[in-house]
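Here is what Swiss-Prot says about this protein:
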type	residues	note
ACT_SITE	K161	active site, proton donor
ACT_SITE	C203	active site, nucleophile
DOMAIN	46-298	domain 'CN hydrolase'
TRANSIT	1-13	transit peptide
Amino acid sequence: MLGFITRPPHRFLSLLCPGLRIPQLSVLCAQPRPRAMAISSSSCELPLVAVCQVTSTPDKQQNFKTCAELVREAARLGACLAFLPEAFDFIARDPAETLHLSEPLGGKLLEEYTQLARECGLWLSLGGFHERGQDWEQTQKIYNCHVLLNSKGAVVATYRKTHLCDVEIPGQGPMCESNSTMPGPSLESPVSTPAGKIGLAVCYDMRFPELSLALAQAGAEILTYPSAFGSITGPAHWEVLLRARAIETQCYVVAAAQCGRHHEKRASYGHSMVVDPWGTVVARCSEGPGLCLARIDLNYLRQLRRHLPVFQHRRPDLYGNLGHPLS
């Protein structure tokens with residue numbers, strides 16, 4: 001089943017910023033193995049990105065097969081970059097299984113993804129790899145590592161999730177990520193890609209605007225939050241947080257998500273999406289595994305920042321420099 005989502009007319013934006021060029025874009029949401037697809041856009045020269053939605057299980061090879069199918073479809077449709085969600089490699093039943101299934105960055109699974117990137121000729125955002133770091137022997141804990149591969153399969157950036165999700169939501173059950181995971185020590189400077197400069201984050205990080213502001217002030221044009229939101233927080237907070245991060249940073253926001261039931265103990269909300277710098281959801285996945293596509297218009301982003309120069313109007317003398325730019 002296919003569904004088209006078209007950017008609505010920005011009547012109020014045109015009134016606010018009469019010189020602002022509003023791109024007329026359409027994007028496509030697809031389930032795996034569609035029979036035929038077409039992208040309707042008046043700006044086909046703009047870079048195309050694909051956002052993949054999956055239901056990971058403890059079966060790593062089956063998960064890879066599912067992700068590879070979506071990545072190959074994204075490449076066939078002309079995407080230059082495909083985003084995979086947090087825990088694209090697996091979602092285990094408990095912390096002990098998580099540690100058992102984890103691998104180092106130089107392990108077999110990441111090698112399969114480097115080969116996939118080379119085969120398809122596109123960049124991959126691997127949104128949350130269960131990484132056995134160099135301190136594995138000492139800590140017996142892993143990192144939730146966002147890995148960015150270029151089209152030649154080389155690792156160009158790694159970001160280890162800095163905010164761990166230790167929460168207890170009524171109706172959703174407790175989560176204590178720190179039982180098996182170490183927090184990352186630092187942020188990663190934005191990385192230049194064919195779609196624009198990308199700032200890396202992971203899931204729960206989106207609740208801390210300082211991180212997003214720091215990445216934006218360091219030059220990010222696209223913020224990405226690969227996630228595995230639950231069934232209670234998802235409907236209440238998912239879209240609201242993503243749109244807020246896009247509006248306050250004037251960045252595109254790309255959020256690949258886990259969806260559906262992973263096993264008897266866990267399910268995820270889904271609703272992967274792309275939000276533009278005005279805060280409009282310009283692409284959204286349908287229910288179940290699949291992908292959605294959106295074009296990134298950096299000229300639109302720059303015009304919006306000129307017409308609404310919020311970063312020039314900040315008052316750090318009053319409230320400090322929240323989200324201090326990265327060195």
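Cβ from N, Cα, C; glycine included.
Within the same chain, residues at least 6 positions away in sequence whose Cβ sits under 8 Å from that of C203 (active site, nucleophile) are E86, G128, K161, C165, Y225, P226, S227, A228, F229. The residue listed as 'active site, proton donor' has a Cβ environment of 24 other Cβ atoms inside 10 Å. On the 0 to 100 pLDDT scale, the model's mean across the domain 'CN hydrolase' (46-298) is 96.
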